[in-house]
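A.B. asks: Pulled these from Swiss-Prot:
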{"type": "BINDING", "residues": "Asp30, Ala31, Glu32, Tyr33, Asp34, Ser78, Leu79, Arg126, Glu161, Lys294", "note": "NAD(+) binding site"}
{"type": "ACT_SITE", "residues": "Lys105", "note": "active site, N6-AMP-lysine intermediate"}
{"type": "BINDING", "residues": "Cys389, Cys392, Cys407, Cys412", "note": "Zn(2+) binding site"}
{"type": "DOMAIN", "residues": "574-663", "note": "domain 'BRCT'"}
Amino acid sequence: MDAGERIRELADRIVELRTAYYEGAPLVADAEYDAVEDELRALIAAHPELAPDPNPLDQVGAPAVLHAPVRHSRPMLSLEKATTPEQVAAFFERFPGQPVVVMPKLDGLSLALVYEDGRLVRAVTRGDGTTGDDVTMLVRALVDGVPEQIDVPGRVEVRGEAVMLRSTFLAYNAAHPDKPLINPRNAAAGTLRAKDPATVAERRLRFFGFDLDTAEGGAAADLGEGLRALGIAGAAMRMCADAEQAQAAITDIERGRNDLDYDIDGAVLRLADRDAYAAAGTRSNSPRGALAFKFAAEEKTTVLEAVTWDVGKTGKIVPVARLEPVFVGGTTVTKATLANQQVIRARDIKVGDTVLVRRAGDVIPFVAGVLDASKRTGAEVEIVPPTECPSCGQPVTEQGNSRELFCTNASCPAQTVRRLIHWASRAAADIDAIGGVWIERLAEAGILENPSDFYTLTKERLLEFDRIGEVSATRMIESIDRSRDVGLRRALIGLAIPMASEGTAARLARAGFASLEEVADAGEERLVAVEDIGPKVAASLVEHLTRLRPELERLRERGVSLDVREEDLPPVVAAGAPLAGKTVVVTGAISDPRSGEKVARPTFQRLCEKAGATAASSVSANTDLLITGAGVGESKLAKAEKLGVEIVDQATIWAQLIEAKLV
């Protein structure tokens with residue numbers, strides 16, 4: 001696999017992992033996610049001309065989907081990461097003489113509280129960093145530590161973290177052994193996604209502030225003092241004058257993490273003076289005046305009691321460790337990931353071993369290795385990978401350098417359920433009213449087997465099931481009906497074709513294919529002609545779309561659109577387009593000069609396309625213009641200069657767009 005293909009694969013993987021994480025169902029440990037990001041970052045540094053566009057490393061947060069969307073007054077950004085004392089020292093060197101507060105990095109759900117003339121008027125989740133969800137009703141009902149009124153006039157915005165305390169989490173699970181919560185972080189996120197506060201009334205959350213924005217003179221310049229004056233608690237803050245003091249504070253926080261009543265996954269360093277913090281400004285996706293120091297993963301020892309093998313939507317079979325219960329990072333862990341058989345062999349892990357369980361980033365536990373192989377008793381048992389699929393009994397195959405196992409039986413029951421869940425996911429058909437548990441039950445009952453079967457469901461059929469009432473059944477059917485307008489791009493995502501990523505689907509939608517059937521008929525030669533689609537991806541598309549042709553026909557018969565949607569097409573070029581015939585590359589953070597608001601790079605690229613340009617992801621000899629925003633990378637500038645590419649500031653392009661009445 002060449003560098004370009006690997007970069008595209010990693011970029012698509014990051015999008016997939018982020019979506020799962022923010023849906024409350026993370027697929028990998030934080031450490032594994034960080035490794036994917038780090039590999040992509042290193043490849044882009046080595047091959048800046050191959051940087052993906054949009055670049056997921058320039059984006060923050062989760063897609064906002066619940067409740068009414070609200071645009072933030074200023075972006076809620078992620079924090080730059082640090083893991084070494086040298087990085088802490090470098091942070092202090094950037095701001096000589098400025099005091100810094102160090103506080104625990106809480107592991108919950110970020111919120112923005114907006115007060116106007118002393119009254120709470122809105123509570124909004126971080127969402128995608130630019131737009132979040134209005135959860136005011138839920139916050140008022142369920143979140144402690146949020147005053148309804150404050151003694152400050154004008155507009156005040158307090159940002160912070162809503163967490164479920166460990167004591168609340170343990171008490172809830174003790175009272176609900178049949179439906180325990182997974183961990184406090186997921187519980188906090190799930191609570192504020194509830195449709196009705198009454199359904200989650202026992203799940204109390206607690207708010208801790210970490211940011212404050214007021215009119216001039218509206219609060220103390222010192223962050224901690226400003227929050228306290230409003231009656232809002234902040235996570236314990238320590239004022240530090242230099243890097244040595246800050247590192248000592250970080251060490252103290254890490255040592256005391258198990259004594260806290262809330263989960264943390266690091267420490268935050270931030271300029272103590274609010275004016276200095278604001279003056280420091282931002283990068284494309286993080287504030288300059290703050291830093292997140294990530295702790296090493298928490299580890300505990302326990303006994304590996306058994307290994308089971310789970311089957312995914314593409315037939316991939318992965319080992320899952322079943323563990324003697326152990327308390328790690330604020331939750332009791334009974335299972336963990338083992339990745340694949342190569343990892344098992346490399347770490348020489350056996351059933352019966354005392355193993356190290358690591359909860360990286362305090363999210364997904366995994367087996368890091370054997371504590372001491374020399375102390376084995378001889379009763380330990382080798383972990384033998386299956387030769388048959390644990391779901392359907394068909395022979396398995398090995399693929400790739402990691403010798404990953406796959407079931408190739410398209411009718412495998414486990415794959416069927418996973419594929420149905422994937423079709424209903426947000427990235428695909430977005431059938432949000434039917435969760436995975438109900439999809440599994442409907443599949444077990446023989447009602448659902450293929451995506452097209454969703455569109456034969458009736459309210460009367462759903463009401464035959466226990467625990468589905470009139471309201472739930474109506475919501476399910478309405479959700480299914482809304483999904484009929486899925487279109488080419490999202491339908492292709494939903495069909496879970498191996499090697500065909502979300503990026504593949506987007507490129508096909510923009511390449512002139514009118515429908516999914518036309519893609520199926522295209523043949524490998526035409527597919528390879530599409531930008532960034534290689535022979536392996538083309539072969540996979542041909543093979544699987546040929547197999548799925550009867551399913552495409554059933555979807556059509558049941559009123560599902562497989563045609564390309566207007567939103568996925570290249571934009572119509574305006575008459576007298578100022579950038580006609582130009583190939584452009586956009587780099588850096590883009591902001592609308594009329595409002596000062598940040599503009600997503602894909603949005604700006606689409607505006608350039610309306611102005612007649614062809615947007616490319618990397619600088620080459622064919623590039624006409626490199627359009628630069630804030631924080632532009634030196635590597636792209638150097639390459640553009642070397643190739644003789646004209647470099648223009650975004651302000652010049654904005655002026656042309658405004659004059660052409662394209663914005």
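Every residue, even glycine, has its Cβ placed from backbone N, Cα and C.
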A.B. asks: Around the Cβ of Cys407 (Zn(2+) binding site), how many other Cβ atoms lie within 10 Å? Please give the count over every shown protein chain.
C.D. replies: 26
A.B. asks: Going by Cα-Cα distance, which of the recorded positions (Glu32, Asp34, Leu79, Lys105) sits nearest to Cys392 (Zn(2+) binding site)?
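C.D. replies: Nearest candidate: Glu32.
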A.B. asks: Under DSSP, the domain 'BRCT' (574-663) has how many residues in helix, strand and coil?
C.D. replies: 30 helix, 22 strand, 38 coil
A.B. asks: Across the domain 'BRCT' (574-663), what is the average pLDDT of the model, as a whole number?
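C.D. replies: Here the mean pLDDT over the domain 'BRCT' (574-663) amounts to 83.
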A.B. asks: When the Cα-Cα distance from Asp34 (NAD(+) binding site) is computed for each of the recorded positions Lys105, Cys389, Cys407, which gives the smallest value?
C.D. replies: Lys105
A.B. asks: Please give me the CB contact count at 10 A for Cys392 (Zn(2+) binding site), counting all chains in the structure.
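C.D. replies: Result for Cys392 (Zn(2+) binding site): 17 neighbouring Cβ atoms inside 10 Å.
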A.B. asks: Would you mind checking how many other C-beta atoms are within 10 angstroms of the C-beta on Glu161 (NAD(+) binding site)?
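C.D. replies: That number is 25.
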A.B. asks: In terms of DSSP three-state secondary structure, what is the assignment for Glu161 (NAD(+) binding site)?
C.D. replies: strand
A.B. asks: Give me the Cα-Cα distance between Cys389 (Zn(2+) binding site) and Glu161 (NAD(+) binding site), rounded to a whole Å.
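C.D. replies: Approximately 43 Å lies between the Cα of Cys389 (Zn(2+) binding site) and that of Glu161 (NAD(+) binding site).
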A.B. asks: Within 8 Å of the Cβ centroid of the Zn(2+) site residues Cys389, Cys392, Cys407, Cys412, which other residues of the same chain have their Cβ?
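C.D. replies: Going along the sequence, the neighbours appear as Val311, Gly315, Glu388, Pro390, Ser391, Gly393, Gln394, Val396, Thr408, Asn409, Pro413, Ala414, Gln415.
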A.B. asks: Given the recorded positions Lys105, Cys407, Cys412, find the one whose Cα is closest in space to the Cα of Leu79 (NAD(+) binding site).
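C.D. replies: If we rank Lys105, Cys407, Cys412 by Cα distance to Leu79 (NAD(+) binding site), first place goes to Lys105.
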A.B. asks: Using only C-alpha positions, which one of Glu32, Lys105, Glu161 is spatially nearest Cys412 (Zn(2+) binding site)? These are the recorded positions in the record.
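C.D. replies: Going through Glu32, Lys105, Glu161 one by one, the closest to Cys412 (Zn(2+) binding site) is Glu32.
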